[in-house]
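In what follows, a structure is listed as structure tokens, so that the remarks can point back to it.
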Amino acid sequence: MKYFDIMSLECKKIGIEFTEEKYGKFMRYKELLQEWNKVMNLTSIVDDEEIVKKHFIDSIKIFECEHIVKAKRIIDVGTGAGFPGLPIAIMNDDIEVVLLDSLQKRVNFLNEVIKELNLKNISTVHGRAEDFGVDKDYREKFDVAVSRAVANMAVLSEFCLPFARVGGYLVALKGPGINDEISTAKKAIKVLGGTLDKVINVEFENEDFQHNLVVIKKQNGTPKKYPRKAGKVSKNPII
């Protein structure tokens, strides 16, 4: 129960319940992450405490956005090792979560975690956002699209906004100093049917790093020509 108190405190601050059962799932997730990371590149963060703070708590902080709390269906685009999608599913089993990633090895890892943690409200999809963003079973079918991927906001918006329903949201987990990136992405956000809703500054107790939650509201349907085919989104962003 070494990290229970710190995780419980951070959850209490944002008004969500943290239990010993949830803690146990996070600790098993940590063990699997460390185990699989020895044979494939899942994360550069391998220390117990760093995983808890920079992966688990960082992901849980997304609940500071009320649209996450209210959501019934969320897709995590480019989920990697499962952040923030898996922690969202662990914290709230009323939310249906879909994890999308382009690398089969990572999807295999995610499936193992889901099985080990006996999570019933989460599934994985192997593929690219550019392909599934035009698939009628996924396009505009989610209350919220989330991503902690490293792409800039213009690129991330084209990857993610097609998944959000009209009236839904994109919530991107970004680092500090986000204003210039948002300004550059304004055209892309508008073209794709979105508008900037707000930026939530996320602070961490006794830590020198901070993050921002960039919240984009989907006001209009995304034009049919977006997302563009694989490769074009990153090479030629809408700016």
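Every residue, even glycine, has its Cβ placed from backbone N, Cα and C.
Cβ environment of GLU130 (S-adenosyl-L-methionine binding site): PHE159, PRO227, ARG228, LYS229, ALA230, LYS232, VAL233 lie under 8 Å away, each six or more residues apart in the same chain. As annotated by Swiss-Prot, S-adenosyl-L-methionine binding site applies to GLY78, PHE83, ALA129, GLU130, ARG148.
Neighbour list (ARG148 (S-adenosyl-L-methionine binding site), Cβ cut-off 8 Å, at least 6 residues apart, same chain): ASP58, SER59, GLY78, GLY80, PHE83, PRO84, ALA172, LEU173.
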